[in-house]
Amino acid sequence: MGSTARTSNVTELILTGLFQDPEVQRICFGVFLPVYLATVVGNGLIVLTVSVSKSLHSPMYFFLSYLSLVEISYSSTIVPKFITDLLSKIKTISLQGCITQIFFFHFFGVVETLLLTVMAYDRYVAICKPLHYTTIMSRSVCHFLVAGSWLGGLIHSMVQILVIVQLPFCGPNIIDHYFCDLHPLFKVACTDIFVEGIIVFANSGLFSVISFLTLVSSYIVILVHLRNHSAEGRRKALSTCASHITVVILFFGPAIFLYLRPSSTLTEDKQVAVFYTVITPMLNPIIYTLRNAEVKNAMRRLCGRKVNSGVERQ
């Protein structure tokens, strides 16, 4: 990353933020701070519940706990700075800090994408090959799939960063966004970024579409296969799949909108970005727990255990 500083006379960037009106920014601070706290607490509670509950040791919950951990990390890459910037008149970030934010934002975003794909595969095996489920989804396979998701995120982000660090940045040093991302940063580069734009299009846009189509295809196969199940089996499987499908649509819809087109100055970009950086990570634990009796019961037992231990201490 040191080469960036040598080829650029921009070392600090100014973020325009989400809104310009100070009053609106203060209202946003009052709204988004509780949302972020709910994201951390909600996803953290899922991680804790899965790790201590004996009834939640199946592969599905193993993947869910990692998904929740990634949600916390993904949201924390953007939201804490965004929230504090809402109270600042001038919002600045160093060029190195900007590149670091892009790295982790894309890293955790792709890890989440791959984990959602892994979870779809898990549901496919559970519903379509139930007799071989424990053999196919062994603990070692589950660990391998999670490790593969982290590795995929790392490779994807390294490609993004290799594209950025070769660019010269000579101003103006204003980014029309509330966090650092590729398209807004490209506008600060003082060179033609056509090739870089194509690379990002392939690395982010096409990756999102292929992953989304893979997920949709797997769920179509699952739904077709469910016709052979009993009414009770269908109901239980559909309940689980509905949660997964909802999360997939919430996650992929905005990503495809932003990355599967050329760089532009659409004002909708910021509003769409707020949805998937701030709102969606909070919704995921709600979606998974509301439709899942096992998780809800395990959380009740966990809370009951804490209350009882507190009473015993007194």
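Glycine is treated like the rest: Cβ placed from N, Cα and C.
Summarising the annotation, TrEMBL assigns domain 'G-protein coupled receptors family 1 profile' to 42-288. The feature transmembrane segment is assigned by TrEMBL to 24-48, 60-79, 99-121, 141-165, 206-226, 238-260, 272-290.
Per-residue pLDDT, averaged across the domain 'G-protein coupled receptors family 1 profile' (42-288), gives 87. Tertiary proximity for the transmembrane segment (206-226) is limited to same-chain residues at least six positions away from its ends with a CB under 8 Å from its CB atoms, namely 110, 113-114, 116-117, 120-121, 123-124, 127-128, 156, 233-234, 237-238, 241, 244-245, 248, 252, 255-256, 259-260.
Most Cβ pairs within less than 8 Å of the transmembrane segment (99-121), among stretches 24-48, 60-79, 141-165, 238-260, 272-290, belong to 141-165.
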